[in-house]
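Let me begin by presenting the structure, written as structure tokens, before commenting on it.
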Amino acid sequence: MELGDTTSVIPDSFMGYRDDITMQMSMVLDQIRAPLIVPALRLGVYICLTMSVMLFVERVYMGIVISLVKLFGRKPDKRFKYEPIKDDIELGNSAYPMVLIQIPMFNEREVYQLSIGAACGLSWPSDRIVIQVLDDSTDPTIKDLVEMECSRWASKGVNIKYEIRDNRNGYKAGALKEGMKKSYVKSCDYVAIFDADFQPEADFLWRTVPYLLHNPKLALVQARWKFVNSDECLMTRMQEMSLDYHFTVEQEVGSSTYAFFGFNGTAGIWRISALNEAGGWKDRTTVEDMDLAVRASLKGWKFLYLGSLKVKNELPSTFKAYRYQQHRWSCGPANLFRKMAFEIMTNKNVTLWKKVHVIYSFFVVRKLVAHIVTFIFYCVILPATVLVPEVTVPKWGAVYIPSVITLLNAVGTPRSLHLMVFWILFENVMSLHRTKATFIGLLEGGRVNEWIVTEKLGDVKAKSATKTSKKVIRFRFGDRIHVLELGVGMYLLFVGCYDAFFGKNHYYLYLFAQAIAFFIAGFGQIGTIVPNH
């Protein structure tokens, strides 16, 4: 027996048995290929192409609208009355409306001082503003720190209230709802909301309140987010590109056309009477902000987006935190659509076109189709056509439409144009979780109401770096393994290899790149990695 002849140690009966199984499996696949696999894949291609066209038309429509808005200079002060609030000698400070500032927080050790300090630094008559810190922290040390910070500002004459609850029912929505029940809130006209990592500039109220004061049908003024850590890592740059498009295009288009868009949950100021008329805060989904916005819109209230007003905040820089955030942002809207679709269709307070905009454009295309088609088409169906060459995808669906959509997205962040290829691959990876979360929301699955507060690092990374010489850093490798990403990566790698040897479409160039992106995410090598000491 030769040393390299491994087949000689395997019984002939086993080899024959293995060949029989392989032949039988091949025969079964051949038998079901034509009547089952090919038609099913063709149907999948047709559905995905339809969704791609829906998304393409929506993006082109928004591109046209935003171009017209810029061309004709439809600035906010041309659509809504704006006059600076003037001093009144007779009325004194009572001429200024009473404003409530709400800051909900949960174990925000790294950023609580930033948000509280920024809120206390807002320029407004001191007797016409109330700052309400809603602390749901479960860590007693952090609660003490937050309370001490509030006391420190109170000693300086700031009207600040520190509020806690004995439970976390309703999470953020529950905290905001409880805050609105306080007796001192009854005298307030407007409420501005800032999450714990948001830092408004001192003139925030001077630039927003006049719109609400002079336009009685205006319920909400939303500011834009400005990211202080967008250059921290490649993942934060990718987030910046997506969110810049959201604010620059989606929010602006909604504000300019139907005076409706989704409230971003922070960096906005509401008319309290409108908030109450809409039914107040509800915790039935994880997107209480969007829920409130839709209900207020159905009451006939209008919204205004101020793109020129920016509020600094922090992007999630760890992959774990970003995944949790994207689950909430994808699952919540799908679940809200399930709960409110009929209510929207039967509403009599808004026009038919606004109903179409809310149901079709806002929910179906942007919150459902955009997530599903990205993953199902580009990461499942398109690769599958490599293995089943009887099914083809037209070039306009595989190349032209996604290329145009990508270029339209680039208008939000011109400085990151050179990163578009990385952005595409990253968005496809994240579409896996968004698609899963979307179906959980639509079907009200087990994690439909999962609420995990997005982790903010603040300067924790810098602090960790200074301790490297004193302590040995250990990374728990197993905590960073993500099986779903690795599974999709293996599928794409296999299809890519098959296409490289037997295919004719040269999809393997894309498939290999996308597989690598899934592997990078699957092994947790993305975003900021916080060491465990």
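Each Cβ is built from the backbone N, Cα and C atoms, and glycine gets one as well.
Pulled from Swiss-Prot, these are the features on record:
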- Asp136: active site (ACT_SITE)
- Asp289: active site (ACT_SITE)
- Asp195, Asp197: substrate binding site (BINDING)
- 37-57: transmembrane segment (TRANSMEM)
- 368-388: transmembrane segment (TRANSMEM)
- 404-426: transmembrane segment (TRANSMEM)
- 483-503: transmembrane segment (TRANSMEM)
- 510-530: transmembrane segment (TRANSMEM)
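Here the transmembrane segment (483-503) has long-range neighbours at 379, 383-384, 386-387, 389, 429, 432-433, 436, 511-512, 514-519, 521-523, meaning same-chain residues at least 6 beyond its ends whose C-beta is under 8 angstroms from one of its own. Closest to Asp289 (active site) in space, going by CA atoms and restricting to the recorded positions Asp136, Asp195, Asp197, is Asp195. Neighbour list (Asp195 (substrate binding site), Cβ cut-off 8 Å, at least 6 residues apart, same chain): Ile103, Pro104, Met105, Ser115, Gly265, Thr266, Asn313. Counting every protein chain shown, the Cβ of Asp136 (active site) has 23 other Cβ atoms within 10 Å. Separating the Cα atoms of Asp197 (substrate binding site) and Asp136 (active site) is a whole-number distance of 15 Å. Asp289 (active site) counts 22 other C-beta atoms within 10 Å of its own C-beta, drawing on all protein chains shown.
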